[in-house]
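Taken from TrEMBL, the feature domain 'Helicase ATP-binding' covers A:286-452. Residues or ranges marked as Zn(2+) 1 binding site by TrEMBL: A:Cys514, A:Cys517, A:Cys554, A:Cys557. The Zn(2+) 2 binding site annotation in TrEMBL covers A:Cys523, A:Cys526, A:Cys541, A:Cys544. Summarising the annotation, TrEMBL assigns domain 'Helicase C-terminal' to A:549-703.
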Amino acid sequence: METLTPPINFVDVIVDVPTMQTNQPYTYRVPAVFSKRIQVGMRVVVPFGKGDRLVQGFVVGTKQEAKTTYALKAVHDLMDLTPVLNKEALHLAQWMAGYTFSFTISCLQTMLPRVLRAKYGKQIVITGDKCTLPAEIRALFQTQTALDYYDERITPSMRAQLATLQRQGELAITYLVQDQAKVKTAIWIEPAVGKDKLTEIAQRLRKNAVNQRRLITAMLESMAGFWQKDVPIPAATFIQAEKHGWLTRVAKEVYRDPYRETNISASQPPQLTPDQLRAVQMITPTITDNQNQVFLLQGVTGSGKTEVYLQCIAQALMQGKTALMLVPEIALTPQMVQRVRARFGKQVAVLHSGLSDGEKYDEWRRIERHEAQVVVGVRSAIFAPLDNIGIIIIDEEHEASYKQEEMPRYHTCDVAKWRAAWHHCPLILGSATPSLETRARAQKGVYQGIAMPRRINGKGLPRVQLVDMRKEYKQSQEADFSRPMVQAIEQRLLKHEQVVLMLNRRGYSSFLMCRECGFVLKCPNCDISLTLHMDTNNMKCHYCGHIEDIPHFCPNCRSTKIRYYGTGTEKVQEELARLFPQARVLRMDVDTTRKKGAHERLLQKFGDQQADILLGTQMIAKGLDFPNVTLVGVLNADTALSLPNFRSSERTFQLLTQVSGRAGRADKEGLVIIQTYNPEHYAIQDASHQNYEQFYRTEMQIRRQMGYSPYYYSIKITVSAATEGAAAKRIYQLNDEVKQILSPQARLVGPSPQSILRIKKRYYFQLIIKYKKEPALDAFLQTLLQQSQNDERNGVRIIIDRDPINNI
DNA sequence: AGCACGCCGACT
DNA sequence: GTCGGCGTGCTC
């Protein structure tokens, strides 16, 4: 629709230069050719800096007049026909930048598919006479007039020559801003004549004109048109036919829809249990009344939370609104997607990390054009360009993956709350084991709690048996398998039932240690031990990827008694093969699931009963549901407990509770065996009784005593540098500065070296500020962010993380 | 980020 | 005397 707004003469632009000094809008003049088309939220190309290098920018404001003392530069080009960011997105980015101590440009870019980010090029072009150039330089250009600035053939001496030629005006530097967004097209065939005419043409064809005959047949079958690639005849035949005037060929836009092939039968909403019905009845009025209410839907594993989500989404759709549902990466399985699609069909857009950049862009455009009303996706899907949102759902709310660990360090729940407030809609946080923060807010009435304590099938939770490994270890030296565990596995194998074994990998892996001198092989770049990989026969660093050979003798004392210690999935797999030679074992860990789709293939294989035992790391704890699994074994429950992190108890509890829910979900009785060295630890005790309430009470007391979240807010400042001294010096300096502005109520933890002091040849120190109310803190941190630019120059990196979730 | 300006060491 | 080192400041 044509609007009657006057032409725009000036725009405010956020440029793609992620630094603190440039974290502000810059004003540009709009040339007449663009003044009628340019709009807020569009991407533009603008000259920036001394050399007028071209950079991408986002228009965040427009104005008729600009009164400045300096000359304004002009917008170089528009990158969009319509805005890629709406008013909501621009406000959200602004808020997020302030809240997470990030640059506005970083926030804007995180909200968009990666292909909308510009690719930059720098070229050397010939401006003078090519023939007068030195032969050596001319050779670089070959037949071209432009040369990539970073071309590998350019030697340092050539660089000097090029610089001189540039000064003489023979050469010039130009900048390119390339849009990576490509729309995929395919050729669409539409008959240009009627059925009668086609039949007539067919009759007049030569007998051996096989391809033409096939084409006419195809056209007669679908007069509405079809894709050229769907009919297996040469392209030349189509081109000939077009020349004859039988048909038209049009390049039409196609979406790279990864799910298009699968035919999904529609599903009907099932009868709800009383728990589910109550939940739906509590939530749906808030959709209708545009109430910005946050709910905590706390339902045990198997209580049917997903069905509640689906019915709430249906309610939103019925009112012409849209719905946004977030799930952790690991839970976004094809089955999960299938289930949502079965209910809502083509209205569903799916955003997950398995999609290519092009596919993500296509899904994004479907949402943006209102072709999809329901979005299911992982963390970044919280920015889906939905209008008129009626409900936002975050499933498995406690998952750590909802927090982004790089700039901008946002937590999905915070963004979700902001968007829910903007759209005046409810936000549902769902979990069987809510984070303490969320649960505490429900307790205080900030969120409305909804409990779903019963499983759909009416079954109780599986029986849980704890095995004290300290006693077991005295009995036998079989490091990984206790006798009760071995017996239980044997029984399942006999009955042809399946077993899931979980190895808690966090902070625990197989490393080499010399039994003579205690030497441990460590990464030369990072301060952690190298992990043994039997399949590739080498030692790997899990942080930086450093690889080296397995030593045959100790590099320290030259003893040959250098053996591996600890437990990796590979070692357990070998032990399983020895204990149960007849069992078919599937191993699922970071190494076997690296390839795209490998994760699903393994699960499919296990689901088809092509294996007896599924052995894996944490990733098997979530979202899998196999009716024939009657035993879940946790080999090492407590390795995460010893990590220097105040959330380690919470994590352990959540993980054990989740994995326990995997046993006996159908008609068969399930058993869970947990092997632990800390059987009396409350996290393990409470998990074994599936007692969230008990755990919550105990953990809250500890949090209060220790001054942790949710009783205190926290902000983590991390300093890293190439030398230990430089990092330490800066963090202590910051410690002194921050002390000046804090009230006596605030607490400081540290400064302390991080649990892994050195990562990728950099040393890390951190300082944690725990506080309830500190009026001066935010300004201090914003100033620090400004200063961090100078630190960066000196090789010192400063990271500010609000509500950190790791390494505390 | 990337470019220019500016003030100190070894070279045509 | 100059070329060039990278410290510092700025980019509409």
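Backbone N, Cα and C atoms are what each Cβ position is placed from, and that goes for glycine too.
Please treat TrEMBL annotations as automatic predictions, because they have not gone through curation.
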Determine, to the nearest whole angstrom, how far the Cα atom of A:Cys541 (Zn(2+) 2 binding site) is from the Cα atom of A:Cys554 (Zn(2+) 1 binding site).
18
Any idea what the Cα distance is from A:Cys557 (Zn(2+) 1 binding site) over to A:Cys523 (Zn(2+) 2 binding site), rounded to a whole Å?
18
Which entry in the list of binding-site residues, A:Cys523, A:Cys541, A:Cys554, A:Cys557, has its Cβ near the fewest other Cβ atoms, using 10 Å as the limit?
A:Cys557
Would you mind giving the whole-number mean pLDDT across the domain 'Helicase ATP-binding' (A:286-452)?
94
Quick one: Cα separation, A:Cys554 (Zn(2+) 1 binding site) versus A:Cys523 (Zn(2+) 2 binding site), in Å?
15
